[in-house]
Amino acid sequence: MAGRESDAVSLAGVVLAGGESRRMGRDKATLVLPGGSTTMVEHVLGIVGQRCEPVFVMAAQGQPLPPLQVPVLRDELRGLGPLPATGRGLRAAAEAGARFAFVCAVDMPGLTVDLIDDLVRSAIETDAEVVLPWDGRSHYLAAIYRTDLAERVDALVAAGERKTSALADSSDTQRIVMSDSAPLANVNTAADLPAPVRPGH
């Protein structure tokens, strides 16, 4: 694992790729980005992998993915939202020995290692359980989570919660104001796709 503050902590990565992609009309993870032959999941893994080790991909049962050089964990149940997948990813990261995990959605082609570094820096300085970016709204799926929150996720899911906001609301959460929203942008329709994407920097 290379990179500044992320070298000082045990940081895993969790990429949530199993969303239903209703607005896009097709699976976002395997969407080929403009200007090349790289899929969205491969592009995001290329960025996350620069700062995180190991990296886990959370995918739906039966969801086709390109060959990946990281563990793929399949959802046990469909349609339960991102919280259960986040919890499973945090547990896998904890079992791998990581204290923190960067959890992100797969549909973030503008993601940068600088964003991850900023969040990690705050995690080190504050020792918060959750560190997430804020640009007028909270971005729960581009955030640092302590891996020991996996059991709290289990309790929230058992209580009927499905959104990652429930985890942040029940945790010691630090929000970092971001002046640049581009790394946080999600791709929901074909019109949201950027011009040929450069690797995050």
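Note: Cβ is positioned from N, Cα and C throughout, glycine not excepted.
Annotated features, as they stand in Swiss-Prot:
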- Leu16, Ala17, Gly18, Lys28, Asp75, Asp107: GTP binding site (BINDING)
- Asp107: Mg(2+) binding site (BINDING)
Request  = Only counting partners 6 or more residues apart, tell me which same-chain residues put their Cβ under 8 Å from the Cβ of Ala17 (GTP binding site).
outcome  = Lys28, Ala29, Val41, Val57, Met58, Ala59, Gln63, Leu65, Val106
Ask   = Which residues, sitting 6 or more apart from Leu16 (GTP binding site) on the same chain, put a CB under 8 Å from its CB?
value = Met58, Pro82, Ala85, Thr86, Gly89, Val103, Cys104, Ala105, Val106, Leu141
Query = In Å, how long is the longest CA to CA span across Leu16, Ala17, Gly18, Lys28, Asp75, Asp107, which the record gives as the GTP binders?
reply = 18
